[in-house]
Amino acid sequence: MAGTYSSTLKTLEDLTLDSGYGAGDSCRSLSLSSSKSNSQALNSSAQQHRGAAWWCYSGSMNSRHNSWDTVNTVLPEDPEVADLFSRCPRLPELEEFPWTEGDVARVLRKGAGGRRLPQFSAEAVRRLAGLLRRALIRVAREAQRLSVLHAKCTRFEVQSAVRLVHSWALAESCALAAVKALSLYSMSAGDGLRRGKSARCGLTFSVGRFFRWMVDTRISVRIHEYAAISLTACMENLVEEIRARVMASHSPDGGGAGGGEVSAEALEMVINNDAELWGVLQPYEHLICGKNANGVLSLPAYFSPYNGGSLGHDERADAYAQLELRTLEQSLLATCVGSISELSDLVSRAMHHMQGRHPLCPGASPARQARQPPQPITWSPDALHTLYYFLRCPQMESMENPNLDPPRMTLNNERPFMLLPPLMEWMRVAITYAEHRRSLTVDSGDIRQAARLLLPGLDCEPRQLKPEHCFSSFRRLDARAATEKFNQDLGFRMLNCGRTDLINQAIEALGPDGVNTMDDQGMTPLMYACAAGDEAMVQMLIDAGANLDIQVPSNSPRHPSIHPDSRHWTSLTFAVLHGHISVVQLLLDAGAHVEGSAVNGGEDSYAETPLQLASAAGNYELVSLLLSRGADPLLSMLEAHGMGSSLHEDMNCFSHSAAHGHRNVLRKLLTQPQQAKADVLSLEEILAEGVEESDASSQGSGSEGPVRLSRTRTKALQEAMYYSAEHGYVDITMELRALGVPWKLHIWIESLRTSFSQSRYSVVQSLLRDFSSIREEEYNEELVTEGLQLMFDILKTSKNDSVIQQLATIFTHCYGSSPIPSIPEIRKTLPARLDPHFLNNKEMSDVTFLVEGKLFYAHKVLLVTASNRFKTLMTNKSEQDGDSSKTIEISDMKYHIFQMMMQYLYYGGTESMEIPTTDILELLSAASLFQLDALQRHCEILCSQTLSMESAVNTYKYAKIHNAPELALFCEGFFLKHMKALLEQDAFRQLIYGRSSKVQGLDPLQDLQNTLAERVHSVYITSRV
């Protein structure tokens, strides 16, 4: 029976190393399908209700005795399940995160566009902002582990971390969002210091705060700005994905339209039913994948062989092929297996199906893959054995092998079903690890890393930098070439073991290139020794003739596993990355170029210099050593190859140290004397040269004898100032300002925002004093939308008189010296007009007014046509009293004021009227009451002409109460123009700070902000267009 059993199985070698993974003649029936699965048919209505077929739910099959019995087991309502999760390690609770609830609310509103969609309640926004923290921690933890390899976090580590944590569909969406943000950022390189990173990327979340959070959580000692942009874009995209799914479930038709408000309960319901979101947003350390809150296993809809009802190319598929296709979906949801052969068969068929449906690798351009078709990923035998260790089930082993009796007693507890990820997730995570290594083979290390991520209570160290050869590439070589490759692998292993006495034999085994041979990662033995800090081996390799300045190649089929960010690195670069100062000194003494490949390479060999890497890490000793050997902190600014670097994440050394908050390193860099090199000017700089020189001279004269900065160093320090302000290192920003580096408006606003949020009012005061040094050409929309809002917020909350006086000076400065816009007259002719002789004349009068006990005679025909107020008054009087009484009493108005108002009506205008100054406001009130717009506007003009420091506050209140907007606007301009002096008056302070203003419905500070914003926009922005 054993022989019969074994004869039905393929060998492990056949299952893992044959051409069936990518060949078209193996598992051919997997491409055939003639019907949907029953499970999908049952769940199609549920998917339609959700509006988007994100996931397909599969029911269990009537299988025989294999791993498919574990699929979609109904989770019993057992309190032990809750107790089980309570014992699982939980994610850390951090106090600070790089967003606020307001930021999340703005992202949710931005996603709605111009459509009228249900709004998220405040509680739902608060709940979502809290749940996002867990997703961020998961991605950050994986990026932190991936960054160990090169002691550096780039966009590649962030993108791989997102793919590890999120499902394929969600990760692809996040990758597209990151690509969009990075593209916008690169295309806006010309506005570098004028706009914030988030504005340049088109993001709502703050890229600067994300960068600072990554530094504070020590994801790596070096953080690239593109890594922060990618992480910001991914988290913002996650909010938009959640919003879209909530909207799809909120409306019956799935289009998102509908009334009402999205509650926190509705949000949680959508997340609990979504297998892509629920596990990611749980508080446990291990990642729950492919399951929703009910424990239902799920498969991505786009991966399902039955998705969309697509049929195979052979319509005559037999029943066996249909059954095989149906079982494939169940196979991917298996949580345990009974034998290594079964696992090998499942993995092989799944890989074949994946490569058939997804010919393009995620994140790679179709054009590049058309030139270099992607090779299929294979699984090494040790990877399958390791995976089987985590998926094996003793009971199923006994069922698979009739010769194996089940154990009478077990020494180990089986993991509960809720803790078992499906096979699909094991494969997804392991393949992602292999792809991050640029390897075509999944090895046992990838499986161990996946187990650490997917299972609770497991841990292992991150992958270390060591020689690795692509095992699958050997199979594509002939016997002789494969032998040479294995010998080369042996030579690297001999050198990697640390025995210097084997160096000659190892060099002989490496092949014709000898000690300069490169492995699949494009690295030489000297690079590995430098990364490991092995001084003895480095010295031996140098003595053996190793090339010190050889670079990691850019793109080469001979080296398929090169990490994209390591291209053009030299041995010195690796030593600096890992902080081995003794090895750095050894290489420099031996003649290694201190700038790495930045000078020796060709035009396409962009790479960060060792000094840039040391500056980013804050390694003071390394920076000092490299500077003493002639490293140039301004090398990137000089553009040695004559090409821009906006696509290369380029930052100069000053920027690296400032961005990471290393003040001591920045100070050390500043001690380096300026080199006497001719400044290369752009056309914009040539045209603005006169203005900038005068500005720079004025800046330098205010400081205590600083050395005059060259144009190149000024530009570099201004860039460093930008990064320190964006990332919240206000002390570094102020220190650079003290050197005479001129302000950019955005840098000033960010520094003020940080200082205010930290309640550092001494810095706030210093910044406010320095506002006048910013050139008016810098004033832009950011000053209108953010700068003024920030300054008025400070004015509302500050109790420091000095700060308040500085703000008043700034507001007056921004308002400008030009006069306040005058109030225009209303040229309006009255519809009817009588001779002035009839004014208060009893003759022919048909209506009488009683004002202060005195009668005033008038004529209806004139009054009714003068305003709707008079017409309504006449109509109401006739209906109430009939013709018995024609006297209308006017209260709360003086007789002579009423008389002047009537004089305006009978004279037909204001030309012949003489209005005493003391009566202007009362006449304005009367004109407003009786809706005489022209008279009211004339009174507003008279008030504006007589406005003084003493009467301004009272006039403003009158204008607000009696609906005189033009006069109120004029008063606000008067306030802004004389604000510093007005702040000395109690009446003005009571107006802007007192509670009585709020009781009266006044918000003078908001009105002042709006008026100043319009003024700045018209004077400084619109006029330049």
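Including glycine, each Cβ sits where the backbone N, Cα and C put it.
Summarised by DSSP class, the composition of the domain 'BTB' (845-914) is 34 helix, 14 strand, 22 coil. For 845-914, the entry in Swiss-Prot reads domain 'BTB'.
Remote same-chain partners of the repeat 'ANK 1' (521-550), defined as residues 6 or more beyond its termini with a Cβ less than 8 Å from a stretch Cβ, comprise 438, 465-468, 491-492, 495-496, 498, 500, 503-504, 506-507, 510, 514-515, 556, 559, 561-563, 566-567, 569-572, 574-575, 577-578, 580, 582-583, 586-587, 590-593, 596-597, 600. The feature repeat 'ANK 1' is assigned by Swiss-Prot to 521-550.
Confidence across the repeat 'ANK 2' (567-596), taken as the mean pLDDT and rounded to a whole number, stands at 96. Under the heading repeat 'ANK 2', Swiss-Prot lists 567-596.
According to Swiss-Prot, the repeat 'ANK 3' annotation covers 606-635. Counting residues 6+ beyond its ends, the repeat 'ANK 3' (606-635) has Cβ neighbours under 8 Å at 151-152, 221-223, 551, 567-569, 572-573, 576-577, 579, 581, 584-585, 588, 594-599, 641, 645, 648, 650-654, 656-657, 659-662, 664-665, 668-669, 672, 675, 712-713, 716 in the same chain.
According to Swiss-Prot, the repeat 'ANK 4' annotation covers 649-678.
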